[in-house]
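Written below as structure tokens is the structure these notes are about.
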Amino acid sequence: MEPFYETFFCPLTKNIMEDPVTIESGVTYERKAITEWFEKYNNSAEICCPATGQKLRSKGLSTNIALKTTIEEWKERNEAARIKVARAALSLAISESMVLEALNDLQSICGRKPYNKVQIRNVGMLPLLVKFLEYKDTNVRLATLEILRELAEDDEGKEMVAKVMDISTTIKMLSSDHQPIRHAALLFLLELSRSQSLCEKIGSVAGGILMLITIKYNWSFDTFALEKADEILKNLETSPNNIKRMADNGYLEPLLHHLIEGCEEMKMEMGSYLGEIALGHDSKTYVAERASPALVKMLHTGNTLTKKAAFKALEQISSYHPNGKILVEAGIVQIVVEEMLTPRKIHNETMNSIKEAAAILGNLLESGIEFENLQNSTPDKLNTNLIRILLCLAKSPKSNATIVSVVRETEASYTLIELINNPHEELGIASMKLLITLSPYLGHTFAERLCKTRGQPQSLLQSPGGTNQITQKQAVSANFLADLPHQNLRLNLALLSNDSVPMILQSIHQMQRSGTRTSRYASAYLEGLVGIIVRFTTTLFEPQMLFLARNYNFTSVLTELLTKTSSDKVQRLSAIGLKNLSSESVNLSKPPQIKRTKFLKFFKLPRSLSAGSSKSKKIQVCPVHRGACSSQNTFCLVDAKAVERLLACLEHENAEVIEAALSALCTLLDDKVDVDKSVSLLSGVDCIQHVLNVVKEHREEGLREKSLWVIERFLMKGGDRSASYISQDRSLPATLVSAFHHGDGSTKQMAAKILRHLNQMPKVTTNFTI
């Protein structure tokens with residue numbers, strides 16, 4: 001280092017001058033020192049030069065440029081030398097005092113002028129300094145942090161510092177027990193965080209953001225640290241990734257702030273991430289309260305990608321059921337409905353949000369939001385669309401269980417039933433369609449609650465003015481009543497008490513005469529009315545139902561419908577109704593009774609007397625049911641001439657119609673009837689050929705099982721004639737073998753029995769012992 005020169009020192013301060021000025025006496029002083037001297041003696045009669053005592057006539061100051069330049073150049077040479085000395089001292093690091101002295105000298109050099117920092121960085125000091133961040137002595141680490149902070153005050157310095165150091169080292173210092181270290185580390189990070197390019201690097205340090213959040217919220221004892229941590233976090237918000245990291249660590253405010261106040265792109269990014277992040281329950285409620293209005297607004301005003309992001313976020317929020325009320329109040333329901341029902345020319349999952357909208361609606365339903373609240377707080381059109389969506393979900397196997405569970409566990413079924421008679425007809429229709437879809441799971445519940453509702457079920461059956469005036473609501477209403485569980489006696493009696501049967505039969509008769517093409521809803525209406533008639537046939541054990549079926553000759557009505565309709569469903573229902581009626585025939589058909597006295601007619605005659613002893617008293621006996629039969633009183637299919645029509649149905653293309661007709665015919669081959677006579681009667685109308693055709697042409701398991709059962713009955717009871725006729729069908733054995741190999745348990749057994757009858761399979765012998 002160069003020695004000091006005496007001319008460098010101010011006579012007043014005895015220090016090297018920074019701004020040397022010369023006065024009238026020719027002596028040079030530090031500007032500040034001589035100015036203060038003049039002010040001190042300003043009121044004196046005479047002012048003298050402090051050094052020479054010469055009286056001064058003027059207090060004028062003139063900058064000594066030459067001396068100032070010389071001093072500055074000397075300082076620069078000396079500071080450059082001091083930097084080298086400090087670098088050498090730090091390289092050697094012989095003692096803590098040597099290191100600390102070098103660091104303090106560097107701090108002094110940094111503080112003199114900005115260019116000195118450039119010099120220090122340029123001589124390769126940074127890698128050396130960084131090593132001392134892990135030095136054992138606290139004072140050394142503290143001084144190092146302070147120097148690094150000063151060296152990073154400009155943008156170039158920040159980049160150079162960040163390149164040579166591991167920021168995680170500074171992050172670790174935030175948890176130091178030594179408060180000055182913590183504060184210095186925070187100040188250093190704060191300086192670095194002012195560079196946008198370094199924010200991502202700071203945020204990516206494992207545990208860094210979590211540590212800053214911890215200081216912000218848990219260090220109330222250290223106000224300085226709390227404030228600086230908050231400043232750093234705000235600087236780090238310039239990186240969207242850091243906002244996500246903060247949210248991951250429970251600090252959601254930045255994400256919500258940018259979601260609400262940010263630009264379109266930022267809103268989209270924050271909304272999308274909100275849909276992905278794993279939130280705790282408390283966080284979901286906080287987010288719902290803060291973000292729901294903004295997310296709903298994004299759905300109204302954003303572009304397609306923004307809406308997609310908002311839907312994802314709302315799906316996440318709605319997954320926590322207590323948030324349901326918040327979302328409903330924010331207006332989410334109508335938007336979800338519109339999203340699901342808006343027709344689209346192109347179905348692109350990446351561009352629409354139907355999946356998310358459906359999930360939100362499902363979450364809202366699972367949350368226990370009372371349907372009444374939606375009904376009262378939204379317009380009828382929205383309620384209609386909402387029910388339409390529920391209907392779609394109920395038809396999906398994946399969501400059906402959820403819909404059923406919600407309706408079962410809430411009062412939603414009462415609400416849906418109340419909506420049936422809503423003045424907004426479309427809403428009532430939608431409600432009934434949903435009830436129909438859910439009836440297989442909740443039918444008895446619906447039936448019971450319908451009967452408890454004032455004006456029901458009577459209001460559901462209104463006679464149309466004519467077949468050309470049938471409305472959609474009348475058609476849906478009839479089908480709703482038809483689809484509720486047929487065995488629900490309470491509902492059946494309620495329908496009966498309303499004297500609805502004459503109106504139903506009259507409407508059926510009118511449509512048979514004029515056809516179902518006069519109204520677009522006539523066919524569906526007819527199906528519903530026939531379904532209601534059929535439901536009465538399932539509860540014939542009730543005397544009122546039995547009287548009803550007899551009084552209105554249901555057997556004749558359903559027989560007529562078998563072939564005088566173009567509706568497969570009507571044919572199927574008619575066949576089901578005839579099967580139900582025919583199943584009771586054997587119980588209702590009694591042996592003929594001698595009518596000599598009123599007393600005797602209450603007793604059954606012996607079978608041997610059934611034909612009577614005189615021609616005048618002879619009464620015809622039904623060969624199948626062994627008693628006096630009629631279509632009206634005993635529902636006899638033979639007397640109703642329904643057998644031929646049921647056989648005609650076996651030629652139908654619809655397997656369900658065929659199976660229903662076959663089930664009705666099977667009642668004539670039941671063990672309770674005279675099977676021998678029945679087989680003989682059915683053989684006369686070529687029944688077995690119809691059944692053989694069914695076996696060959698249809699593969700449905702239930703239909704095949706019934707067909708094989710009928711064939712087996714003919715083989716057992718039809719004698720050689722039936723066996724010969726059946727064995728002549730060359731394709732039957734192959735069909736039976738296929739059924740034996742691929743059918744279920746019952747079908748396999750039936751096929752095996754027939755094959756044995758036809759000598760196509762060995763008979764099983766049991767006359768052996770084990």
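Glycine residues also receive a Cβ, built from the backbone N, Cα and C atoms like all the rest.
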Listed range which TrEMBL flags as coiled coil, given the options 64-91, 120-147, 624-651, 652-679: 64-91
Helix, strand and coil residues within the repeat 'HEAT' (125-163) as assigned by DSSP: 33 helix, 0 strand, 6 coil
Beyond the flanks of the coiled coil (64-91) by 6 or more, those residues with Cβ under 8 Å of it: 1-2, 5, 7-8, 16-22, 28, 98-99, 101-103, 105-106, 109, 112, 116, 119-120, 123-125, 128-129, 132
The domain 'U-box' (3-81), counted residue by residue under DSSP: helix, strand, coil: 30 helix, 14 strand, 35 coil
